[in-house]
Amino acid sequence: MSLFKTRDWWSATVGEEEEFDHGCLCVANVDNDPSGHDKIIIGSFQGILRIYKPNPAGENPVEDVVVEQAFKQAILQVEVGRFSSASEVLKLAVLHPRKLAVYNVSAISGTVEHGSQYQFALLYEHNLQRTAFNFCYGCFGGVKGKDFICVQSMDGTVSIFEQESFAFSRFLPGALLPGPIKYMPRLDSFVTASCSWRVEAYKYQVLAVASETGGREETQNIKSGKKVVADWVYNIGEQALDLAYLEYTNVAPSVLVLGERSIFCIADNGTLRFAKKLEYDPCCFLPYGSLSENSVNYLVGTHTKSLMVYQDYTLKWVAKMEFVPVQVRVGNFQSLRGGIVGLSESGRLETMYLGTDPSVFSPPQVESRDLNYASMDAEMSRLMKHVKAKSANNVITPSLKTDEDLTLNVHVSPNLDDVTMASGLEIQGEDVPSTTLRIQMKSRLLLDTVRLEIHCPWPLACNQSQFTVSSLEPNSPTETFVAVFQRFPGLPSHMHVQISATYTSASGGRRVTSARANLPFKLVVKPVFPVKTAVHKLTIDTNRPPVSLNDIFPDLLGENASGQGAALGFQYFGGGPIVTMLASKTSQRYRLQSDRLESMWLPLRELVARLNNHFKKGSHSDFRVSFDGALPLQEYFELVDTHFDFRTGADKCKEMLAQRASQFRTIQKRLLTRFKDKTPAPLQNLDTLLEGTYRQILALADAVDENSMAEMVAGNNLSSGTYLLNFLLKLWVDMSEEESRVLETTLSPVVNASEEQGWEEAVDAAITHLLRTVMAKSAKDQAVNPSPLALPTDTSKVKKHIALFCDRVGKGARLVEGLKDKKEKTIKMPAPKTITESSEPGEPVDQVPVDQLLNQKYRKGKGKSKKNKELSSLGLPEMDKPYAGLLEGGLPPPPVNRLPPEDLESQRKIESMVPDLDSMGEDMAASPREDMSYDRGDMDHRHHNGESRSYGYRGNSNNNEGEDNDEDDDMRRMMEKGSSEIMYAL
């Protein structure tokens with residue numbers, strides 16, 4: 001903050017609701033007054049020109065307006081110079097977007113008390129073919145006693161006007177956006193700041209001779225021209241706001257540039273004199289003189305309403321202004337020489353000077369007294385008691401607003417629809433049921449345009465996902481009915497439907513109200529006969545005698561209704577896996593078994609929920625469910641590996657697609673060059689190579705789409721497996737609700753398909769954080785650095801951290817600080833699934849600690865994941881596998897036989913002529929000047945028996961006359977970069 005302020009000498013408010021910017025202010029003796037007093041010329045974007053003659057003795061600033069003229073176009077810039085060929089007196093030039101006009105302003109002395117009268121007359125004007133941005137003037141070409149005008153357009157074109165006549169127009173090289181421009185008389189050059197953050201200088205003579213008219217008359221409407229070479233270029237590294245040319249007697253000619261964060265002083269030959277880094281945002285500047293040898297003085301206006309006075313790079317004075325200036329000028333007036341004129345964006349015009357009168361504010365005197373510390377302590381104690389009493393009775397923190405403008409009530413029918421409402425099904429041969437949701441919207445106020453959206457988890461869908469209610473009356477509920485069903489074959493990870501309503505509140509802000517509904521389990525499964533054998537088995541224990549499964553699942557009995565209730569079977573719609581549920585007759589246990597691990601998540605959750613409801617309805621309020629079996633970590637890790645394989649496969653597909661797209665563009669350029677050549681040359685099978693590359697691109701695009709779909713299915717299965725593992729951990733160690741929430745956020749079941757941050761790295765970072773904080777055993781564990789959130793090379797690290805996390809949980813570690821550790825629990829690992837070569841001979845499997853077991857496993861086979869796995873690991877049945885037969889690395893194969901039979905022969909001919917890219921690169925490197933010719937007899941077709949197809953070619957040493965060697969080099973380099981993994985759409 002500055003101690004001093006600028007002193008107001010004269011001020012006025014220009015117009016009403018008018019806008020001004022840099023170039024709208026000019027201070028000069030426009031009427032050629034013999035006294036030499038300057039006038040203030042103002043032009044606004046609304047097209048109004050005003051000329052002021054400041055008189056501080058006047059009572060009304062309106063009386064100081066000597067000329068006021070309205071134009072139809074906006075005024076971009078006003079300047080005063082010798083713009084008339086008839087006389088050397090000063091004239092006024094006004095720049096409009098499509099016109100440049102020069103006016104004569106003259107004063108006629110009055111014979112009565114009204115004083116002088118001013119006349120405003122048009123001398124000449126030029127209509128512009130391009131939209132103007134700014135202009136500069138000077139004695140171009142060394143002319144004496146005259147000023148020519150250079151207008152810069154929005155596209156960077158400069159047009160030279162020699163007063164009443166047009167001279168020429170030229171394009172500046174690399175001009176994208178216009179910038180400030182000035183004329184340097186000593187070198188007869190123009191200096192401008194380009195959009196590439198460089199200051200460039202161009203000779204006037206270079207611009208004048210760079211013509212393609214061939215002696216014809218010059219015109220503004222040019223479309224081409226010779227390339228203009230800059231005299232010198234200096235890179236300032238930031239956008240230039242303004243620049244000025246300095247030509248004083250005691251300082252070398254220089255160019256002063258105002259940047260966004262710096263000020264540069266550059267000599268007129270392009271060398272830097274000095275630079276000043278600014279600690280504020282400048283808005284305008286003005287060099288006004290040189291008071292000492294080899295130094296320049298200038299003013300800088302800032303966005304903090306300050307006016308800085310510099311001498312070179314040294315700050316000399318700071319004064320506070322009343323507004324943010326867009327332009328400042330210095331002028332000599334009747335009783336004030338060297339007055340500073342400032343103009344704001346809104347039209348505040350002020351003539352000021354720098355004074356030394358400080359601010360009138362003075363701080364009040366503080367009453368001095370002796371400090372009584374005993375009384376201060378007593379008062380502090382009394383106030384603290386008062387604060388505690390108020391805190392106990394009142395809620396200091398703001399509470400959430402309970403009365404919402406819109407309330408959503410969702411009711412799910414417990415029974416399925418009598419007539420299914422399913423539509424757009426991709427499940428063949430089955431009757432898919434549906435259930436109806438009744439959504440009620442109730443508002444307290446009148447709401448307009450309420451948008452209702454229903455989000456169903458894959459593979460579920462609804463018959464209509466979006467609704468728009470034009471008007472919602474208060475206390476008049478509106479009901480909407482939606483049918484939910486399973487549209488795609490697959491395993492849902494949860495049965496929650498999210499309903500959200502977006503509306504505009506009474507205060508004008510956008511609000512969102514949401515609700516969640518649970519769908520019935522029988523919506524996705526149907527009763528079938530139990531299956532005796534299965535790959536995966538889970539057993540849960542209870543503290544109450546088992547009950548008949550017929551009483552637990554009365555709505556899912558089907559053909560099992562006549563049974564004893566000891567076994568039930570459920571199958572997912574779409575031919576999904578079968579889950580068998582068994583109840584023990586002698587012990588208090590229940591077993592679930594299936595060929596898919598992730599398919600047991602929803603039946604297990606439904607079983608536990610129905611058991612809790614069954615026993616808590618009676619007098620058994622202490623009913624408890626526990627899990628004492630082996631954690632299915634190895635089976636869960638297979639789901640992690642499958643999902644990770646598809647993620648890496650997506651990157652491989654996109655990389656190959658980018659390579660083929662680059663190859664396709666290069667071939668196009670080569671063909672275009674040959675088609676444009678005046679002497680036709682043989683295509684050398686480039687058209688065949690182009691079509692073959694095009695087919696590769698189509699096949700790779702299909703592979704990317706199929707891999708994305710497979711990755712989504714794998715992520716959905718991983719989500720189900722994560723839900724299952726978290727639920728088993730909760731039952732395993734009897735977690736509290738708070739710990740369960742921490743577990744859900746750490747080992748997250750939400751698997752999103754994101755290219756920037758995937759599930760593996762996010763879970764690894766979350767588990768590592770817990771292992772370093774609340775679950776750390778020693779200071780060594782706390783010193784482990786977290787892994788970066790980047791795609792890992794393999795899944796060994798995240799699997800090792802998950803196993804270590806389960807080991808710590810089993811040993812009694814708590815997930816929330818402040819809770820007492822539980823009793824250590826031995827972790828059991830299933831023998832046929834976990835032990836490969838890790839345990840020692842003769843040692844029982846269940847007695848091997850999990851951390852030791854997995855550490856040995858990873859030391860021997862770190863980073864190994866199952867490759868070439870079909871989608872059977874994703875939890876889909878055989879009829880459900882649209883991507884069976886994946887390529888190596890989890891990539892879906894290209895589609896086969898998509899063309900009609902009549903096109904197969906022509907396609908085989910085209911494919912037989914497309915060479916292998918790696919072989920092509922080697923042969924071309926051996927004979928770089930040989931043209932390529934392809935012989936079908938030399939092609940080697942090895943596409944049967946599951947082998948990939950490879951091609952050979954041979955070179956032809958006959959060079960065609962007129963062949964462009966540079967194009968051959970470009971083609972050869974392109975083919976050398978190609979990959980040998982070529983996929984064809986057969």
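Backbone N, Cα and C atoms are what each Cβ position is placed from, and that goes for glycine too.
Residues or ranges marked as compositional bias 'Basic residues' by TrEMBL: 857-867.
Taken from TrEMBL, the feature compositional bias 'Basic and acidic residues' covers 928-947 (among others).
Feature annotation from TrEMBL assigns compositional bias 'Basic and acidic residues' to 970-979 (among others).
Within the model, the domain 'PTHB1 N-terminal' (1-358) carries an average pLDDT of 89. According to TrEMBL, the domain 'PTHB1 N-terminal' annotation covers 1-358.
Residues annotated as domain 'PTHB1 GAE' in TrEMBL: 430-513. The residues of the domain 'PTHB1 GAE' (430-513), classed with DSSP into helix (H, G, I), strand (E, B) and coil, number 0 helix, 52 strand, 32 coil.
The domain 'PTHB1 platform' feature in TrEMBL is assigned to 520-628.
Residues or ranges marked as domain 'PTHB1 hairpin' by TrEMBL: 631-732.
Here the domain 'PTHB1 C-terminal helix bundle' (735-809) has, by DSSP, the following mix of helix, strand and coil residues: 42 helix, 0 strand, 33 coil. Sequence annotations record features per position, and here TrEMBL assigns domain 'PTHB1 C-terminal helix bundle' to 735-809.
TrEMBL lists 824-986 with the feature region 'Disordered'.
When DSSP labels each residue, the domain 'PTHB1 platform' (520-628) comes out as 29 helix, 31 strand, 49 coil, counted as helix, strand and coil in that order.
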